[in-house]
Amino acid sequence: MAKRSLAKLNTSDLSGKRVLVRVDFNVPLNDAGAITDDTRIRAALPTINDLIGKGAKVILAAHFGRPKGQVNDKMRLTPVATRLSELLSKPVTKTESCIGPDAEAKVNAMANGDVVLLENVRFFAEEEKNDADFAKQLAGLADVYVNDAFGAAHRAHASTEGVTKFLKPSVAGFLMEKELQYLQGAVDEPKRPLAAIVGGSKVSSKIGVLEALIDKCDKVLIGGGMIFTFYKARGLAVGKSLVEEDKLELAKELEAKAKAKGVELLLPTDVLLADNFAPDANSQVADVTAIPDGWMGLDIGPDAIKVFQAALADCKTVIWNGPMGVFEFDKFAAGTNAIATTLAELSGKGCCTIIGGGDSVAAVEKAGLAEKMSHISTGGGASLELLEGKVLPGVAALDDAA
């Protein structure tokens, strides 16, 4: 069901209104406490600027890290407030706590177009418990609710789900709307052929998404460490490559399911091997039927890259989740980089390319190709759950579109 969005609320709906906006500001910091990547902050700017332009009083709620329901000075949102202020070119007032007298006083002092950032909502254990009283206190600061934190939409927490019971309208922000449009659109009404590229080290973390994608896709390409579980299930030797012994039957079932449905399931034909798990390891290319003892696969091979590129050439929609190899080591990044380059080229030819969160996003950014993709998802777990066809509590709680 489509959700009501911020785009449908105009100045007369929002001017002078206190708007609680759930954002995803869970950014990485270095040891000195400085932000190393502000992508998530920048991703929320369209929603924040729209609300400022419509004369709203913008109250931002966010979590940061895992403080386990206690105040942790290392997880305060102070550096985020500073960076956001720079990006908006206007002051951002941060509260000492997300609820209570200080938050109330700072919200009451707001003029239209002002921005207040509430302190880390996870300093209260009630946030993750979706406690109704806590949600009511948060909601009490505002008149309207906007959820723009897609990365937290798969959690039923007080600031993502609970507050919607007390605030109407409750709508999707621009980032949330874009995520739903691309990810749901790719699954529900894709332009075909539809291909999914699924990588990463473990089958276990991608079982749900693999099963769902085999149901929906024309082609499924598998890379990353999980391929060795499939090879071992076929009876092939895999050296000392990563294998999930308890998932061998599942790998067989997934291959059989794809075959029964007429879905092209592609595994690499060759792999790049290493003699140990290190950036400077000795390496060699081997056919997957001839992996020697004592070696481990850390990337897909050159022949596999060509086969994958050929399979993707005619696709109109491609979803990518998970790297092809250990791309953090330059020596074993060729497969991942080749997929990133191929998708960038396909985008230029009108293919809808969706990078589904997590390490694939880091890989695309490392390759300098982020701008070339149709959509880069900001959600890791949320992206996977949406692609699996699961209902995201933070989305379900929003008002339905009229």
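Cβ coordinates come from backbone N, Cα and C, glycine included.
Note that the coordinates shown come from a computational prediction; the quantities given were computed from them, not determined experimentally.
Quick look at what Swiss-Prot lists:
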BINDING   D24, F25, N26, R40, H63, F64, G65, R66, R122, R155  substrate binding site
BINDING   K206, G297, E328, G357, G358, D359, S360  ATP binding site
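When the record's substrate-binding residues D24, F25, N26, R40, H63, F64, G65, R66, R122, R155 are compared pairwise by CA position, the greatest distance found is 18 Å. With all protein chains in the displayed structure included, the most crowded Cβ environment within 10 Å among the binding-site residues H63, R122, K206 is that of H63.
All protein chains considered, the CB of G297 (ATP binding site) has 28 other CB atoms within 10 Å.
For G297 (ATP binding site), the nearest of the binding-site residues D24, N26, H63, R122 in terms of C-alpha separation is N26.
The candidate set comprises the binding-site residues D24, E328, D359. Of these, D24 has the most other Cβ atoms within 10 Å. The Cβ of G65 has fewer other Cβ atoms within 10 Å than any other of the binding-site residues G65, G358. Counting Cβ atoms from all protein chains shown, N26 (substrate binding site) has 18 others lying within 10 Å of its own Cβ. The secondary structure of D24 (substrate binding site), as reduced to three states from DSSP, is coil rather than helix or strand. Cα to Cα, E328 (ATP binding site) and N26 (substrate binding site) are separated by 22 Å.
If you compare Cα positions, D24 (substrate binding site) sits closest to G358 out of the binding-site residues K206, G358, D359, S360. According to its DSSP assignment, G297 (ATP binding site) is in a strand.
The CA atom of G65 (substrate binding site) is located 16 Å away from the CA atom of G358 (ATP binding site). Looking only at Cα atoms, R122 (substrate binding site) sits nearest to G358 among the binding-site residues K206, G358, D359, S360. Checked against N26 (substrate binding site) by C-alpha proximity, the binding-site residues K206, G358, D359, S360 yield G358 as the nearest. A 10 Å cutoff on Cβ-Cβ distances gives S360 (ATP binding site) a total of 31 other Cβ atoms nearby, all chains included.
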